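Written out below as structure tokens is the structure these notes cover.
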Amino acid sequence: MAQGLIEVERKFVPGPSTEERLQELGGTLEHRVTFRDSYYDTPELSLMRADYWLRQREGSGWELKCPGAAGVSGPHTEYTELTAEPSIVAQLCEVLGAEVPGAGGVAAVLGPLGLQLVASFVTKRSAWKLVLSGADGEERLLRVDLDTADFGYAVGEVEALVHKEAEVPAALEKIHHLSSLLGEGDRLFCPSLVLLSVPTGPIVGDVSRLFL
């Protein structure tokens with residue numbers, strides 16, 4: 001993914017006919033893939049509490065999801081994804097209030113920043129894409145990922161990528177529209193999961209953030 005793109009996404013609970021409906025709407029199955037994600041944070045989950053998500057995906061390297069601009073409400077989420085390790089390290093140091101080291105990648109700063117493995121699981125994903133036209137006639141590529149984790153959890157995501165904040169409302173409109181066509185409007189995804197027990201008590205978070 002190109003550096004600096006904004007992800008606008010909406011989570012939902014997929015049903016048994018979701019893939020069939022995607023085909024009816026002209027969706028194309030891009031691939032089916034299985035991968036392992038490993039998430040890192042401080043023992044107190046300082047990153048997750050601030051809605052930052054540091055992940056090492058098997059075969060893809062390091063990624064840091066950073067929260068987008070305020071004002072995107074409802075079941076939608078907006079993130080900027082960093083994949084260049086110097087940018088990830090700089091952002092981690094800013095969030096955690098640490099000095100940026102002179103050199104070294106993400107793995108080299110895990111210890112100094114107090115970051116440790118907090119979650120690791122295998123996901124089976126089917127990735128779809130389709131193009132929808134909006135009321136203005138503009139076409140936008142949407143992607144739909146259907147994920148099932150090795151602990152039995154399933155989640156769907158409709159996603160659009162934009163280059164600037166001004167494009168977010170139009171992307172949300174098309175995401176809304178596709179969700180309604182999929183019949184998922186009444187089955188939004190909002191469960192919680194105890195992610196980790198820490199000295200101050202168990203941390204409860206939205207497990208959907210682990211499928212980003």
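Positions of Cβ are set from backbone N, Cα and C atoms, glycine also.
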Listed co-binder of Mg(2+) (same site as E7, E9, E157, E159, source TrEMBL) among D145, D150: D145
All-chain count of other Cβ atoms within 10 Å of E7 (Mg(2+) binding site): 20
Number of other Cβ atoms within 10 Å of the Cβ of E159 (Mg(2+) binding site) across all protein chains: 20
